[in-house]
Amino acid sequence: MAEIKPEEITHPPMDQLQGFEYCIDSNPAWGEAIVLGFQHYILALGTAVMIPTLLVPLMGGSDDDKVRVVQTLLFVTGVNTLLQTLFGTRLPTVVGGSYAFVVPIISIIHDSSLTPIVDDHERFLQTMRAIQGALIVSSSIQIILGYSQLWGIFSRFFSPLGMVPVVSLVGFGLFDRGFPVVGRCAEIGVPMLILFIASSQYLKHLHVRRLPVLERFSLLITITIAWVYAHLLTVGGAYKYRPEHTQFNCRTDRANLISSAPWIKIPYPLQWGAPTFDAGHSFGMMAAVFVSLTESTGAYKAAARLASATPPPAHVLSRGIGWQGIGILLDGLFGSVTGSTVSVENVGLLGSTRVGSRRVIQISAGFMIFFSILGKFGALFASIPFTIFAAVYCVLFGVVAAVGLSLLQFTNMNSMRNLFIIGVSIFLGLSVPQYFFRYSMSAQHGPAHTKASWFNDYMNTIFSSPPTVALIVAVFLDNTLDFKDTGKDRGMPWWARFRTFNGDSRNEEFYTLPFNLDRFFPPS
């Protein structure tokens, strides 16, 4: 038997993913780019509708209030996405609503100063103003860490080894929003999942006029098919006598968005009234801002690989975090009910379509702003059952998680030290938040339950986030456990040249600011 050569069983590490027709600074034809941008807009609707649907009723809001909040969240998402792609990291990322803020927001909703208000609409307004005040104050954390370059300095403790658990759990950590939600309406969710995988992967080589239609637009095509199928089941009476929970997850007419939406409504700052400020609320919200920062850091790393770009240098990463802080400030000023983070599902769609173009994401931001103003049209698309989105998430979150695992190619996985760090940080990153979640479900409060509500929010929010727990564990272990003379095993020779803007000539192509603004903000 012939001897097997090492090069026949190994693959050389590669800075950039291959097989992408359009990378970060190359653009499809305008027609194709517009359809791809609309596809990203449709995908962003899932989170933009689900968070207000969860929170607004708890605040005492009506269907009319919910529609206005959805419009506001979409509008601010569009604005923040444009700011991030123009002046932030410049990576093709959608910056939308974040679930990380749900814990401190629910704490504000149940605050003793707000629950006694008898009138539901007045309670909604007062609660919204309290949330706005907390978001405005807490946004200063990301603004300061970003623009002072402190986050960039801290990122120098990162390595490919330490980033694997963080980026992976940005995707894996969202498993509860995948098949557990699909199972709530399996007759719609499971066919959607199978259809999306089949069209985007098995039939991706099907071309129409030399365009891989199913690879590029499978999400749009399959969501339309599943949406029509769900609507036929709805009008056919399939759910007429089913439990309320089933009807909510399966029917296309349960969101009450279209009837409540105005034809035209432009969101504007302080539309709910003047924000109110409370130190306890603000301290609790700061934990969510830190979680958002951590999750976005992992998502930026994933987006860079899926856009065939180099890893963002420390200066660029800090710049992006600073602009994300501005985004949370805008969330507070407009009253979008939650803060912002990078949309993981939209990052995953870059990999599914193999199009990492920045222009596509900027076009999707235009759709978000446009349809948030034209309320009826936006509400029509927002009536898509969330189960359909959850089926897509099963694929897209997995893609992002796999991108994190791909960083292992730059490390030595024959090192017991590295195996220990990877294994422990991924396991704890999944296990600790699961403990906090199950405890909260059974006890109706988090494991941290002291008289200081801000401390409770801080601890329960931080340790409910898989990427945040993974970052704390992985970075600590990677920088304290036998760290001397292990730079090569950790992947530092490859990583070091991407720490500074001038370390790699490609950084200028990917991350230079538009309009020659680098003259005023020179990269470091």
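Backbone N, Cα and C atoms are what each Cβ position is placed from, and that goes for glycine too.
As annotated by TrEMBL, transmembrane segment applies to 38-57 (among others).
Marked as transmembrane segment by TrEMBL: 130-147 (among others).
If you look up TrEMBL, you'll see 153-174 (among others) marked as transmembrane segment.
Taken from TrEMBL, the feature transmembrane segment applies to 181-199 (among others). Within the chain, the transmembrane segment (181-199) has long-range Cβ neighbours (under 8 A, six or more residues past its boundaries) at 214, 218-219, 221-223, 225-226, 229-230, 233, 245-246, 249-250, 385-388, 390-395.
Taken from TrEMBL, the feature transmembrane segment covers 219-239 (among others). Non-local neighbours of the transmembrane segment (219-239) in the same chain are 35, 38-39, 42-43, 187-188, 191-192, 195-196, 199-200, 213, 246-247, 250-253, 349, 352-353, 384-385, 388, 391-392; each lies 6+ residues outside the stretch with a CB under 8 Å from one of its CB atoms.
Under the heading transmembrane segment, TrEMBL lists 360-382 (among others).
Within the chain carrying the transmembrane segment (388-407), a Cβ under 8 angstroms from the stretch's Cβ atoms is held by residues 17, 43, 45-46, 50, 160-161, 163-172, 174-175, 177-179, 181-182, 188-190, 192-193, 196-197, 200, 219, 222-223, 226-227, 230, 298-299, 301-302, 305-306, 344-345, 347-349, 351-352, 491, all 6 or more beyond its ends. The transmembrane segment annotation in TrEMBL covers 388-407 (among others).
For the transmembrane segment (419-438), same-chain residues at least 6 beyond its ends with a Cβ under 8 Å from one of its own Cβ atoms are 161-162, 164-165, 168-169, 172-173, 176, 408, 413, 446-447, 460, 463-467, 469-470, 473-474, 477-478, 481. Sequence annotations record features per position, and here TrEMBL assigns transmembrane segment to 419-438 (among others).
The annotation transmembrane segment is assigned in TrEMBL to 458-477 (among others).
Comparing 38-57, 130-147, 153-174, 458-477 for CB pairs under 8 angstroms to the transmembrane segment (360-382), the maximum falls on 38-57. When Cβ-Cβ distances under 8 Å to the transmembrane segment (153-174) are tallied for each of 38-57, 130-147, 458-477, the top count falls to 458-477.
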